[in-house]
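One structure below.
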Number of protein chains: 2
Amino acid sequence: MELLEERIRRDGVVKSEGVLKVDSFLNHQLDIDLFDAMGEEFKRLFADAPITKILTIEASGIGIACVVARHFGVPVVFAKKAQSINLDGEMFTTRIESFTHGRVYDVIVSKKFLNADDHVLIIDDFLANGCALNGLIELVGEAGATVEGIGIAIEKGFQPGGDDLRERGYRLESLAIVERMDPETGEIAFR
Amino acid sequence: MELLEERIRRDGVVKSEGVLKVDSFLNHQLDIDLFDAMGEEFKRLFADAPITKILTIEASGIGIACVVARHFGVPVVFAKKAQSINLDGEMFTTRIESFTHGRVYDVIVSKKFLNADDHVLIIDDFLANGCALNGLIELVGEAGATVEGIGIAIEKGFQPGGDDLRERGYRLESLAIVERMDPETGEIAFR
């Protein structure tokens with residue numbers, strides 16, 4: 001998606017070989033007009049899929065998922081990273097390793113909000129090694145629901161998560177795939 | 001707001017005298033059409049305020065804030081609950097006590113995303129004792145920015161947060177104010 005690639009080139013900061021900082025528009029300050037354009041593009045890409053629900057994971061996936069969901073006319077469910085006393089009842093659970101935060105999370109979704117009739121579009125801001133997405137796919141599987149597709153804002157094409165998911169047959173659409181980043185020059189090359 | 005009160009009556013569950021569960025539409029599964037109607041209402045209520053930015057706190061405020069922001073045409077900034085290795089640079093910081101989770105959080109916003117020219121609308125899903133909001137107000141103050149108003153989905157009118165903020169002169173608009181809840185009958189009375 002040209003608009004997103006341009007924005008990454010303009011406002012993204014290559015912090016190191018693996019770290020791309022896009023906090024000015026994607027995951028700390030959020031550009032809602034950009035998210036809206038991304039929602040339109042995901043709707044175009046998944047126009048034929050019978051999506052009933054959008055699933056994401058807190059925290060930085062939620063904003064994109066909600067703006068995208070308007071284009072599909074479906075609710076969002078976000079997986080939570082820890083048990084809260086307000087979240088009783090039965091849960092689908094999995095564990096996700098976060099390399100960014102250097103820890104392992106328990107991740108939960110209430111059984112009330114995913115079921116065997118659901119056709120799920122998974123939305124997230126970043127895809128690198130795929131740990132978070134694999135956890136979300138597992139939660140959908142526990143519910144007996146169907147993963148119709150996966151929509152990602154930025155995929156790090158030099159990490160294995162995206163290609164693994166494609167090889168396993170998932171319909172994965174990443175709006176920008178970063179192939180190489182140079183922390184010396186700040187240059188970013190897209191696939 | 002009639003639509004929200006009806007929805008709370010229909011789908012809210014009174015778990016105990018102080019705990020209202022609205023996870024089927026507000027803070028786990030998210031009803032985007034409802035959020036959109038809330039956005040329209042906040043825009044009506046704050047039509048004359050020169051809002052430049054919407055501030056919220058992760059995680060459950062983000063979805064509402066993003067859908068509301070479309071109606072104002074401004075970016076969202078969400079305060080983060082812990083330091084991430086991707087979030088370097090200088091930060092505004094405060095501490096927030098969460099009664100729901102029984103712990104104290106460090107809360108941060110990058111100095112890049114709030115400044116003295118900003119006129120901020122603070123958005124959150126719940127207002128009870130006001131700890132989270134007071135933390136967000138403090139962050140806006142650190143930036144030298146102006147709090148134009150505070151927009152809340154559900155205020156627990158029987159807890160002191162809302163009235164404290166009104167007494168301190170903040171322009172606070174809660175779309176539904178719960179005055180009493182009865183865990184025996186499930187009855188919910190609004191102000």
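Glycine too: its Cβ is placed from the backbone N, Cα and C atoms.
It should be emphasised that the depicted structure is a prediction, and the values quoted were computed from it without experimental measurement.
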* To do: Given that TrEMBL annotates B:Asn27, B:Lys156 as binding xanthine, state which candidate in B:Leu20, B:Leu34 belongs to that site as well.
  => B:Leu20
* Structure fact -> Same-chain neighbours of the 5-phospho-alpha-D-ribose 1-diphosphate site, Cβ within 8 Å of the mean position of the Cβ atoms of B:Ala128, B:Asn129, B:Gly130, B:Cys131, B:Ala132 and not counting those residues, run in sequence order as B:Phe99, B:Leu127, B:Leu133, B:Asn134, B:Gln159, B:Gly161
* Mean per-residue pLDDT computed across the domain 'Phosphoribosyltransferase' (B:49-154) -> 92
* Asked: What does DSSP say about B:Lys156 (xanthine binding site): helix, strand or coil?
  -> strand
* To do: May I ask for the distance between B:Ala132 (5-phospho-alpha-D-ribose 1-diphosphate binding site) and B:Leu20 (xanthine binding site), taken between their Cα atoms and rounded to an integer number of Å?
  => 18
